[in-house]
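Taken from Swiss-Prot as is:
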type: TRANSIT; residues: 1-47; note: transit peptide
type: REGION; residues: 53-84; note: region 'Disordered'
type: REGION; residues: 125-185; note: region 'Disordered'
type: COMPBIAS; residues: 132-160; note: compositional bias 'Pro residues'
type: COMPBIAS; residues: 161-185; note: compositional bias 'Low complexity'
type: DOMAIN; residues: 185-261; note: domain 'Biotinyl-binding'
type: MOD_RES; residues: Lys227; note: N6-biotinyllysine
Amino acid sequence: MASSLAPATKAATNLRLTHSLRFSPKPNNLRFATKPGNTLLCTRVKAQLNEVALDSSSNATSPPMKAKSKEEPPAKPLAEPSSSVLATQESVSQFITQVASLVKLVDSRDIVELKLKQHDVEVTIRKKEAMPQPPPAPQPSVVYSPPPPALPPPPVPASTPAPTLARATPTPTSAPAVKSAKSSLPPLKSPMAGTFYRSPAPGEPSFVKVGDKVKKGQVVCIIEAMKLMNEIEADQSGTIVEIVAEDAKSVSVDTPLFVIQP
């Protein structure tokens, strides 16, 4: 060991340091034995260097010595997510899936409100009907005003009695006596029902008139029945004293037509 350290000790005396050195406060003494009976005192030097350059003045140059740098500790691998974190993420995912399925359930069923609580999370699902509705707007108050009193109707003027015209009573004449005399005679009666005509055609003179003398079998009028013109003849000879039936009027069977005085 002494023979191997001798060249190193000799070379150390001719070294030139290119960097600052930090000496320990209490250097430790090392003893190297070169020859029997001789001792060499050398001081151990601690240098905080990355690299030391050596320069020798002798012909024999020694190779540069490299100080061993402190090895950096290997980078720690990223910590893998713990099982508790994975379990939490998985539970949250399952919880969200459950909430989505519950929303579909509430929409498809007659459910107004649903509450779900799992661990420290609570979810409330409400339909629109369950949400608090805003208070209705106050309706405007209607003030009722009574209608104005109706005006009294105007007084009705007293109706004046209409003047009555005094009918002049006709003075009795001898006509009633004549009529009574005619009424005693048997009249010429209608043998059928129909329409009584005094003339053969409109606008022509009548067959007979009051005061005319007629003979038995003479045509005195026409009665229209069933669209047929039926001539009516006098039942006796005499004077026409009265025409009882009205022209162009309906007559029935045995209706008096004329009064003939023999």
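From the backbone N, Cα and C atoms, a Cβ is placed for every residue, glycine too.
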Residues of the domain 'Biotinyl-binding' (185-261) by DSSP state, where helix covers H, G and I: 0 helix, 37 strand, 40 coil
Cβ neighbours of Lys227 (N6-biotinyllysine) where a neighbour is any other Cβ within 10 Å: 6
